[in-house]
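Inspection log for the structure reproduced underneath, given as structure tokens.
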Amino acid sequence: MSKQEKAISLSESAQVDQQSVQPLPNSRKVYVEGSRPDIRVPMREISLHDTPTDFGGEKNAPVLVYDTSGPYTDPNVVIDVRKGLGDVRSAWIDARGDTERLEGLSSNFGLQRLNDAELAKLRFAHVRNPRRAKAGANVSQMHYARQGIITAEMEYVAIRENMKLQEARAAGLLDQQHAGHSFGASIPKEITPEFVREEIARGRAIIPANINHTELEPMIIGRNFLVKINGNIGNSALGSSIEEEVAKLTWGIRWGSDTVMDLSTGKHIHETREWIIRNSPVPIGTVPIYQALEKVNGVAEDLTWELFRDTLIEQAEQGVDYFTIHAGVLLRYVPLTAKRVTGIVSRGGSIMAKWCLAHHKENFLYTHFDEICEIMKAYDVSFSLGDGLRPGSIADANDAAQFGELETLGELTKIAWKHDVQCMIEGPGHVPMQLIKENMDKQLECCDEAPFYTLGPLTTDIAPGYDHITSGIGAAMIGWFGCAMLCYVTPKEHLGLPNKDDVKTGIITYKIAAHAADLAKGHPGAQIRDNALSKARFEFRWEDQFNLGLDPDTARSFHDETLPKESAKVAHFCSMCGPKFCSMKITQEVREYAAKIETVDVTVEQGMREQSERFRQEGSQLYQKV
């Protein structure tokens, strides 16, 4: 970027990433309306070609798929990142009558940034005065659920999870689905708003939905719903800009990121976050201790509860939907990490461990946990209770430090629930395959089925550059066992900051893992897309194969590397086997031959029946006089 470009205000120059706003091939955005006109749930409809006459010649119903891309892939919406996305939820929040609009920001740091003239060129131009719960009110989705109230957000996610399942069944898109094995989950045949309410009231699911993030398209995280994935973005002291982080956001949600965590640790964290939230249709999570550490110039010992509290309020007023809080890193657990191969690998965990040792005091996040809950329920920020002592190598998996912290997270979950604050639990990490099930079982036991949210886990440590694969294996397994959300890992894990291509690779890898888990659990409708793609593959409908896939661009590119001509996209073979050895083509020929034989057999059988009837009519005598 030139000096002249830098001098121009970002609120004047910022542009949307053009790659992120193109509709996916042969797809269109559709909206399913709820009980009121302003509940419009987005889905992506993939149109399919007719089955060729060689295969029976029939119409193929379009396939609906879950869509996280927000308005960015709707050609009817004008996207301007300088203004942010349109309002989705304000009318719902206003109707509840339990919030108030503040006259200004109430965080000291937020006010400092707002009044700093030097930041004017970087600042999002349309900063709104925040909302907060009225005195004595609790505005969390869990609180409403426990009052028996089905909110607009709950109805929205029920429609979104259900994906017009009844229509899909009627269209024959779900004639086959294998029974799943859900390890004791309570997955219904159909997701209803009442089921959503019950799950949230029980604490088995959360809808991360800060009242200050009104651009949000609500989604749900819980073991009895579709497995979700999270993508991480964020700058560091070594690089990246606000524009790049917003581009990563829009790129990530295009490919299926259900939530996004902003893990910025570099310059202008506050301003970067404002741009991200105002342009995000998915929940945004943060680790507030990262920013708090920046405020004390990276000296963990200088952190205070007062500074951290102000950081929570600052971020809650911007609209952060969930906070990772490392309140389970207790002083007594720190020595348990001394003999580990990789010690404490969590940034948040190491920060709090260092503070505890420096002051020889208990973790202030733990001692002030009730006060944190008071802040959370005033804005409906969900907890993501951080696993600060997660294993950073398979050698350290399932040790006393990890499971000791998990037990504490279970205690904290119950405290959060007493405040009607939504809560999920973060998990490892690096765990070999044979130890993954124990992690899930122990989390369900300790945390009473609160949603589990894991980083992988990575199943081996030997593949730097391929940790999206080592972790995708573990993610599929733990998703099947009951994990509600999977935090993606990119090929750059342990090596560097991911770029756009790395983000896409990580997300597609984790979409595969999450979908495989949904199939294995037996989530209703999970097999619709598989069935449609398999049918397209057998019928050599190449374009439909590409378009039904998670990444149409890559599928088309790989096909065209060896068969670039357009005629190859209607050919009844591919480059793998060629025209004479294509198993699909041979199978079709076998079917045609069998159909002919069947016709002959029917004719013969009919003739035999006629002769048999004549034999009986003539007295059933073996010999007849001529």
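Quick reminder: no glycine exception, Cβ is built from N, Cα and C everywhere.
The structure displayed is predicted, hence computed values, not measured ones.
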Which range of 1-27, 28-54, 82-108 is region 'Disordered', per Swiss-Prot: 1-27
Among MET154, MET163, MET261 - the residue Swiss-Prot places in the same substrate site as ASN232, TYR290, HIS326, SER346, ARG347, GLY348, ASP387, GLY388, LEU389, ARG390, GLU426, TYR453: MET261
Candidates ASN232, SER346: member of the binding-site residues with the richest Cβ shell (10 Å): SER346
Nonlocal residues around HIS494 (Zn(2+) binding site), in sequence order (Cβ under 8 Å, 6 or more apart): PRO464, ASP467
Euclidean distance between Cα atoms of HIS430 (Zn(2+) binding site) and GLY348 (substrate binding site), Å: 17
Residue, out of the binding-site residues GLY348, GLY388, whose Cβ gathers the largest set of other Cβ atoms within 10 Å: GLY388
TYR453 (substrate binding site) - helix vs strand vs coil (DSSP): strand
Same-chain residues at least 6 apart in sequence whose Cβ lies under 8 Å from TYR290 (substrate binding site): LEU263, SER264, THR265, ILE269, ARG347, GLY348
TYR453 (substrate binding site): tally of other CB atoms within 10 A of its CB: 27
Close in space, distant in sequence - HIS430 (Zn(2+) binding site), Cβ under 8 Å, 6 or more apart: ARG390, PRO391, GLY392, SER393, ILE394, ASP396, ALA397, GLY456, PRO457, LEU458, ASP461
Binding residues ASN232, MET261, TYR290, HIS326, SER346, ARG347, GLY348, ASP387, GLY388, LEU389, ARG390, GLU426, TYR453 (substrate) - maximum C-alpha distance in whole Å: 20
